[in-house]
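Student: Encoded as structure tokens, here's the structure I'll be asking about.
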Amino acid sequence: MMRQDRRNLLERNILVFSNKLQSEQILEVLIAKQILNADNGDVINSCRTERDKRKEIVKAVQRRGDVAFDAFYDALRDTGHHELAAVLEPLARTIDFITPRDLECPMSPASHRRSRALSPSTFSSPTRVHRDSVSSVSSFTSTYQDVYTRARSTSRSSRPLHASDRHNYVSPSNSFQSQPSSANSSFTGCSSLGYSSSRTRSYSKASAHSQYIFHEEDMNYVDAPTIHRVFDEKTMYRNFSTPRGLCLIINNEHFEQMPTRNGTKADKDNISNLFRCMGYIVHCKDNLTGRAMMLTIRDFAKNETHGDSAILVILSHGEENVIIGVDDVSVNVHEIYDLLNAANAPRLANKPKLVFVQACRGERRDNGFPVLDSVDGVPALIRPRGWDKGDGPLFNFLGCVRPQAQQVWRKKPSQADILIAYATTAQYVSWRNSARGSWFIQAVCEVFSLHAKDMDVVELLTEVNKKVACGFQTSQGANILKQMPELTSRLLKKFYFWPEDRNRSSAV
């Protein structure tokens, strides 16, 4: 069985290997050394992308024991992967040969019974190996390990589920039985996607109104050495500036004729805290008219102090292709995107610009479709009737229709280097909880805080899609209603947030 410190080293550097490993070359060597067999090779080669192949190789090595770790290190050195070999060097030792009986193979239960300690006549003792490897670590690697240890020691606290959490999720056996509601219960969204209970976080109450606010201790950080090892300018956007960039949040809550967007304050507080932790300077604007939204975004785009990236978050009512101001005047979303192009935002030319839109895009409601939950299926979060509201003008059966023939901004083509994350698909409503905020923003904060350290933004938003689609639902009469976010990406490279704790990283 592979030592835990070695498993951890491979796990936390999985992003490095997935970007720089030559899978075909390494796979041949590992098969020749009898670390992997032909069946393993078939599984790896069946992966859809090169990056998935690289990850599968690392996972296969993890499953094959300590001898596989050392053979993997030797293979990296022999094939010219010197940078990757340096990652493993502190815990590695070279070997001259291996035999199948030295491997741990989870596909063959008998191999577990045959596993044994390495013969002293062949290798030095495990204690000696560990001591020698530590003494050979360079000062750079030692500092990196210190930083990582400190980061882990200050990670978020965990707590078990309490009775007050029960209305937030249901088991597969009673997935359509609503539970009593309590505005004072804590949201534990990670349980809905099957995350380990040790990763479950609690959301603090910021006021008597039970706003569940994201805090800095909820963020998983990455350290500077990892960032610079991973970065590839040909395939990744730069995102190293201090601050990372500017973030504008437009939060429309009170409208002239449309209903108040209860719960949007929780969205604003959560998303602003999230991006502050990621290194952005956040500016919030509340209750803007249609014209004021355009002028504010125009000024934001022309700002002279932009960093390596920019973020725009819009929390409002909406319809398909439009955002509605507090004066009930609608603004075409494509006009907003046009303000962010290179001509109107020269400081942001060739830089990633991320737009998050929490608003309805129509009046349709997604009734979902029945699926049979397996034993480890994803439980859904049941919202009591009357708590979840839509962000569309025709919500609640035309009870708050705005006047027609309002001004609509012209549509213009959007440009490259822009990513738009919509809370819902075109023509459908999006849902918002009056205490916890919208489903979409809750999921963004949960997923980004956990995985922004090693996932690019497209991967992150795919996880958000999964969390909203599988982890939330509400009821309207006898109908169970669902929501599906949508991602539109015009990025030309991968974009990583790489949230960096400046206090700990300064020691590197």
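Glycine is treated like the rest: Cβ placed from N, Cα and C.
From Swiss-Prot, here are the annotated features:
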DOMAIN    2-91  domain 'CARD'
REGION    106-130  region 'Disordered'
COMPBIAS  118-127  compositional bias 'Polar residues'
REGION    148-184  region 'Disordered'
COMPBIAS  171-184  compositional bias 'Low complexity'
ACT_SITE  His317  active site
ACT_SITE  Cys360  active site
REGION    392-407  region 'Required for interaction with ced-4'
Student: At the level of the C-alpha atoms, what whole-angstrom distance separates Cys360 (active site) and His317 (active site)?
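Tutor: Approximately 6 Å lies between the Cα of Cys360 (active site) and that of His317 (active site).
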Student: In the predicted model, what is the mean pLDDT computed over the domain 'CARD' (2-91)?
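Tutor: Summing pLDDT over the domain 'CARD' (2-91) and dividing by its length gives 89.
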Student: By DSSP, what is the split of the domain 'CARD' (2-91) into helix, strand and coil residues?
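Tutor: Across the domain 'CARD' (2-91), DSSP assigns the residues as follows: 71 helix, 0 strand, 19 coil.
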Student: Would you count the other CB atoms within 10 A of the CB of His317 (active site), including those on all shown protein chains?
Tutor: 25
Student: What number of additional C-beta atoms lies within 10 angstroms of the C-beta atom of Cys360 (active site)?
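Tutor: Result for Cys360 (active site): 26 other Cβ atoms within 10 Å.
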